[in-house]
Amino acid sequence: MSINQILKDKNLKVTKQRKLILEILEKENNPIAAEEIHNKLSKNFYIDLSTVYRNLNLLEEKNVLLKSTIDGVSFYQLNNEDHKHFITCNNCHKKFVIENCPVHNLENIIEKETGFIIKGHNFEFTGICPDCQKNL
């Protein structure tokens with residue numbers, strides 16, 4: 001689905017800023033912080049950091065994006081079938097990808113039990129990675 005169509009389906013105005021933000025997120029393999037998005041956009045366009053935050057918050061509210069927060073920093077990714085979950089080491093703060101979303105089957109169960117139509121989910125896992133466990 002095109003970026004324009006995604007925005008229109010969510011009853012959002014198609015703006016240059018939103019399109020640019022979504023284009024960056026579309027190219028990223030991992031969730032990305034607002035500051036990183038701003039830095040990438042600032043190379044070619046003038047955009048205020050507060051504009052990036054406002055758009056990210058709106059896109060998250062409309063379930064276009066998923067947000068995860070690690071150590072007080074919010075990371076964003078597209079809310080699609082290819083989204084990823086991560087586990088973050090409490091010691092070294094490295095992020096590791098959890099392959100294949102473990103929650104899709106749970107969504108079906110929750111929908112049946114609650115009558116909700118689930119539009120997305122967001123989980124944050126933390127722990128101690130194998131390398132750091134060696135030093136305990």
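Keep in mind that glycine also has a Cβ here, set from the backbone N, Cα and C atoms.
Annotated Fe cation binding site per TrEMBL: His83, His121, in sequence order. According to TrEMBL, the Zn(2+) binding site annotation covers Cys89, Cys92, Cys129, Cys132.
Taking the mean position of the Cβ atoms of Cys89, Cys92, Cys129, Cys132 as the Zn(2+) site, the remaining same-chain residues with a Cβ inside 8 Å of that point are Asn90, Asn91, His93, Lys94, Ile128, Pro130, Asp131, Gln133. The Cβ neighbour count for Cys132 (Zn(2+) binding site), using a 10 Å radius over every protein chain in view, is 15.
Within the set of binding-site residues Cys89, Cys92, Cys129, Cys132, the entry lying nearest in space to His121 (Fe cation binding site) is Cys89 (CA atoms). Residue environment of Cys89 (Zn(2+) binding site) contains 17 other Cβ atoms, counted within 10 Å of its Cβ in all protein chains. Fewest other C-beta atoms within 10 angstroms, among the binding-site residues Cys92, Cys129, are seen around Cys92. Taking all protein chains in view, 15 other C-beta atoms sit within 10 angstroms of the C-beta of His121 (Fe cation binding site). Mapped onto three states, the DSSP output places Cys132 (Zn(2+) binding site) in helix.
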